[in-house]
């Protein structure tokens, strides 16, 4: 039981760390309240179930109705992967690359109609656009299975035992690479201009920078990163389950917002801390919810315990510690560090 709890915590921590860092780039650093973050995660899953699977269908010359043909193509791929690990590893890398590229493209298109809006209107517009697209994906079964879902190959079918542990390791490696990339990006002139845009757009405009271009670029980058989480989730389950069933806005938009608020805006280390605290709490609540209900004599279903707890935590943080667990630190460029050493 203890080992299962640890692996489950690490699984959710890795996925949510990727999504939360992507959201922190947009909201924490650039000041873009992207309430449509869920869409980018879904796009990552759709890229695997709708694009990669079709490539396999073409490769294996499998024809017919998509829901049936996709299962046949995935079955053939699984047989090959079982005897040829390089095929599975290559398919994993290809899936992540395609998901990231499509995520960036969709993110750029997604922000274009509303890039010039102020924060309040921008947040609502992004939420509305994402919900429209999600409904289309849900009811269009020919794109990526819709509400039926679609089978995809198990890229680790060659692993004899401990497959889940290996995949969790892959998720954590991707999360670490995303963290390093975000840290490097934010310590460049581009990262500094994002903070300036968050603080005062007029100053950025006065220096000749186009706010719309800056917004489109950072949302494209953030969406590409978030799409990695969607692709990894789909590959881990070896299935793109019915869209909106596993990829809802509560789990992939509002909870990541809670994590960056908990950990600290504009601080990727704080975001990691927030994601870990959340993942641990989530898994423990799901594991021991009935024991907690009995112990505390809760008069309602234990299903709602997590929702109530996370809502209460959000309010308490916003009221008592709005800066989060770890405060934002000023950017220390090489010239500034040099002056600090001399001083």
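Backbone N, Cα and C atoms are what each Cβ position is placed from, and that goes for glycine too.
All TrEMBL annotations are machine predictions without curation.
Annotated transmembrane segment per TrEMBL: 6-27 (among others), in sequence order. Same-chain residues lying 6 or more positions outside the transmembrane segment (6-27) and placing a CB less than 8 Å from one of its CB atoms are 33-34, 37, 40-41, 164-165, 168, 171-172, 174-175, 178-179, 182, 185-186, 194, 218-219, 221-223, 225-226, 228-229, 232-233, 236, 252, 255-257, 259-260, 263, 265-268, 271-272, 274-276, 278-280, 282-283.
Feature annotation from TrEMBL assigns transmembrane segment to 39-60 (among others).
As annotated by TrEMBL, transmembrane segment applies to 86-112 (among others).
For the transmembrane segment (121-139), same-chain residues at least 6 beyond its ends with a Cβ under 8 Å from one of its own Cβ atoms are 32-39, 42, 46, 110-111, 113-115, 146-147, 242-244, 247, 249, 253. The transmembrane segment annotation in TrEMBL covers 121-139 (among others).
For 165-186 (among others), the entry in TrEMBL reads transmembrane segment.
The feature transmembrane segment is assigned by TrEMBL to 218-236 (among others). Proximity of distant same-chain residues to the transmembrane segment (218-236), defined by a Cβ-Cβ separation under 8 Å and at least 6 residues beyond the stretch ends, is recorded for 11, 14-16, 18-19, 21-23, 25-26, 29-30, 32, 34, 37, 39-49, 92, 95-96, 99-108, 110-111, 152, 155, 164, 167, 170-171, 174, 178, 181-182, 185, 194, 246-247, 252.
Long-range neighbours of the transmembrane segment (248-265) within the same chain, counting only residues 6 or more positions beyond its ends whose Cβ lies under 8 Å from a Cβ of the stretch, are 16, 19-20, 23-24, 27-28, 35-38, 41-42, 127, 130-131, 134, 226, 230, 271-275, 277-278, 310, 313-314, 317-318, 323-328. Under the heading transmembrane segment, TrEMBL lists 248-265 (among others).
What TrEMBL records for 302-320 (among others) is transmembrane segment. Listed by sequence, the residues of this chain that lie at least six past the ends of the transmembrane segment (302-320) yet keep a Cβ under 8 A from its Cβ atoms are 255, 258, 261-262, 278, 281-282, 285-286, 289-290, 292-293.
Within the chain, the transmembrane segment (39-60) has long-range Cβ neighbours (under 8 A, six or more residues past its boundaries) at 19, 22, 69-70, 72-74, 76-77, 91, 94-95, 98-100, 102-103, 106-107, 110, 129-130, 133-134, 137, 143-145, 149-150, 152-153, 222-224, 226-235, 240, 243, 247, 252.
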